[in-house]
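> Shown below is the structure under consideration.
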Ligand code: CP
Ligand code: NVA
């Protein structure tokens, strides 16, 4: 073990560290709102590599680094020599000579892990085809702000069994909550994520019925039906239609159930306007909390 603090996946980081990051995020958020400006990452530089589009991840990491006193360099895979077949290993070694941390949003999870293997500075997962851990840190922070401790509560997922769900599954073990997952047949989450969550104390149930999944849930979560770089798996409205989060589906959850979505949303597909703009929707709090959660991730990685 190198001793470098990479933020690759929730399954790779001890529960106590994740809880510590959430506590730190809440404290930093409160201090920011009170007007405090400390600069613990003064002089530090974060390189951000994007192989896929982004609004929230890009802006929240950039603003987060600035608020902490650091700076960022924005890179896209196609504009780098990486796009002309320089290896990830060599890229990792070179970037490590210049910058203090690397955030990457990419396709294959293996690319993230290879970067991690060869970098001598912390690497942060800004989404891969398989997982999106920064999002779920922000989502747990958001849930707890609105409803108190997530431990022992029930989260319902309805829709595609994608990267965001995989990180929710890992979170169920790390933060001790139940997750009820409803997907169409053929869109189930990866078996390794389900098994890992169950083996590590997560309570996971899988069904093809959105109605069953949301029953008595404290929070209903969904995401797009077709993720970036998953267009080859695209399936139609007829398959996903029954998994749409609408007023009728929300009515089967607890009366005060929150609605979450990592955004961007495809209104009229996975969620109706009525729900995403409704009183129990916290989607913009989730987006804001990307900033606060990731500042805590950066502080953890860089020892600030
Ligand atoms: N939720 C999320 O990761 O959004 P972006 O794709 O805009 O970064
Ligand atoms: N599952 C989505 C999340 C976007 C933030 C995707 O990977 O496209």
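Just so you know, glycine gets a Cβ as well, placed from its N, Cα and C.
Look at TrEMBL and you will find 54, 55, 56, 57, 81, 105, 132, 133, 134, 135, 262, 263, 290 tagged as carbamoyl phosphate binding site. The L-ornithine binding site annotation in TrEMBL covers 163, 223, 227, 228. Positions annotated as domain 'Aspartate/ornithine carbamoyltransferase carbamoyl-P binding' by TrEMBL: 5-145. What TrEMBL records for 152-301 is domain 'Aspartate/ornithine carbamoyltransferase Asp/Orn-binding'.
Neighbours and distances for these, please.
Long-range C-beta contacts of residue 54 (carbamoyl phosphate binding site), restricted to its own chain and to partners at least six residues apart, with a cutoff below 8 Å, comprise 105, 126, 127.
Counting only same-chain residues six or more apart in sequence, the Cβ atoms lying under 8 angstroms from the Cβ of residue 163 (L-ornithine binding site) belong to 127, 128, 129, 130, 131, 132, 227. DSSP gives residue 163 (L-ornithine binding site) a helix state.
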> Just the number: how many Å between the Cα atoms of residue 290 (carbamoyl phosphate binding site) and residue 228 (L-ornithine binding site)?
19
> How many Å lie between the Cα of residue 81 (carbamoyl phosphate binding site) and the Cα of residue 223 (L-ornithine binding site)?
33
> Which residue among the binding-site residues 134, 228, 262 has the fewest other Cβ atoms within 10 Å of its Cβ, if you could check?
228
> Around the Cβ of residue 223 (L-ornithine binding site), how many other Cβ atoms lie within 10 Å? Please give the count over every shown protein chain.
26
> Please compare the binding-site residues 56, 132, 290 by how many other CB atoms fall within 10 Å of each one's CB, and tell me which has the fewest.
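Looking at the binding-site residues 56, 132, 290, the Cβ with the fewest others within 10 Å is that of 56.
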